[in-house]
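Colleague: I have a structure here, written as structure tokens, and I will follow up with some questions on it.
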């Protein structure tokens, strides 16, 4: 079945990089969004200039200042479900090496990358284009490779062997982001009034999917997107971007451009934290715009509780008037959902919300 699936993919698969490299003057029709969904680049009504939170994580390691950082995290999670972090502890050399390895991977010949292509969302390593190009109604100007990354020794041998530096350089970045994720989950738990080790065991045993994205230069960026509006399924996503392109939706449903800050990383709350917090914190809806002149790379380190672990509202946050607002779910439930549903029509988390009686 996998071979048949692969031959079908080979016939219809054209990567965004292939289109850019061929010099297409216009985006093919399958990438053109309906007018209401287009990003309206440069329009003052489409995006707002909003000051987004930037948090100095070195404060977490200073006993007299930790409470200040926890308060800043609480405010950012309530208002945006999003913040940027500086002084996060990942050396700039590790970040640069990861971006270099990703550049080399996407520059490989098409035939070599096609060895990893799959439309099966359950595969631990897969190369693809758009979101899931075999089922997407509208395509997105993005190529990607996704691979499971924790625990690293379990998965790394399945990662690309080319370029030769890939496993070492991306592996070091994956380990560093997992350490950072543990610190962030502790701080977020604390900011909710929970014990900081509330999710310690689940974090250690949880999954980490590294989505390495390439958004090539696009001839008509005002007609297309790199990724559609969505929220992430997991607990946290730690995002590294090589240039600006991410937009988040604020509480007023306006799109806000996320500025590129040299050396900073982006933290986005996922659906698991929204459910665990019983809606006190919300997962952030975001999308990716593309650029006529610049190729953009990003590493989205998607952290999740263990595959079959059910997430539900923390009992400590319930009681009195605070009834559970969500049903429980696992990462595996999410994968099953996106395998058989168009998650762009209905967000997965909306299927979990309980109606108030």
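Just so you know, glycine gets a Cβ as well, placed from its N, Cα and C.
In TrEMBL, annotation is done automatically, which means it is predicted and not curated.
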Colleague: Suppose you had to name the range TrEMBL annotates as region 'Disordered'; which of 19-47, 48-76 would you pick?
Modeller: 19-47
Colleague: Summarise the model confidence on the domain 'Fe2OG dioxygenase' (206-305) as a single mean pLDDT, whole number.
Modeller: 94
